[in-house]
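Structure first, then comments.
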Amino acid sequence: MAEFSLDKSHIAGVVLAGGRSQRMGRDKAGVMLGAESLLRHALTRLSQQALHVAVNADAAAEDVPVVPDRFPGKAGPMAGIHAAMVYAADLPSITHVVTVSVDCPFFPADLVARLAAAIEHPSQIAIAASEGRSHPVFGLWPVTLAADLEAWIATDEKRRVRDFLLRHDVTEVAFPLHPTRASLLDPFFNINTPDDLVEAERWLEALRA
């Protein structure tokens, strides 16, 4: 049997930016980190790793396609992942879609390459991990799972990402901490509160040093 191989030419990317941002008190996609919004940080990183890039949000964002939830207000990040799958399935040559969260501006520059390298067959899912914790929102998903995910969202009341993963073959990819001038940074550090934003500014400066 030929070894399965997946590269950038078959991968689309979607930034999940449809959350309510209650602890931040405002839409996180538009929050400024340095001179750019969190959404722009995510798009810049993702566009270097995927053939097509879009944003899962409720309204127009930046200069990329917007992919709204088909289950608004009901399924949390799973609705965004489903929307990403549906969007990617309509693109020529695309077999997989990678999802990232808008509130994690430092996610790895080799996220997609390492997730893709870990996949052993077309229907397998790859998710990221660091520091012993999985980050299922950062996942590489076969677009063929869209119908199954849609049915699962419609019937499962909890709709947690981890519960859906239990239905499928999943591989987890551990990413190392990133060295900076200050200390080691978890690349999946996320910004949920104003205090987190202050910390992110410090990390941004440390990375630039």
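These residue numbers are counts, starting from 1, taken along the chain as shown.
Using N, Cα and C of the backbone, Cβ positions are placed for all residues, glycine too.
Keep in mind that this is a model prediction, so the values were computed, not measured.
The GTP binding site annotation in Swiss-Prot covers LEU16, ALA17, GLY18, LYS28, ASN56, ASP69, ASP103. Sequence-distant neighbours of GLY18 (GTP binding site) (same chain, six or more apart, CB under 8 Å from its CB) are ASN56, ALA57, ASP58, PRO68, ASP69, ALA79, GLY80, listed in sequence order. DSSP assigns GLY18 (GTP binding site) to coil in the three-state reduction, placing it in neither a helix nor a strand.
Of all Cβ atoms in the protein chains displayed, 26 besides its own lie within 10 Å of the Cβ of ASP103 (GTP binding site). Per Swiss-Prot, the feature Mg(2+) binding site maps to ASP103; the stated evidence is sequence analysis.
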Densest Cβ neighbourhood among ALA17, ASN56, ASP69 (binding-site residues), 10 Å radius | ALA17
Where does ASP103 (GTP binding site) sit in DSSP terms: helix, strand, or coil?
-> coil
Counting other Cβ atoms within 10 Å, pick out the least crowded of the binding-site residues LEU16, LYS28.
-> LYS28
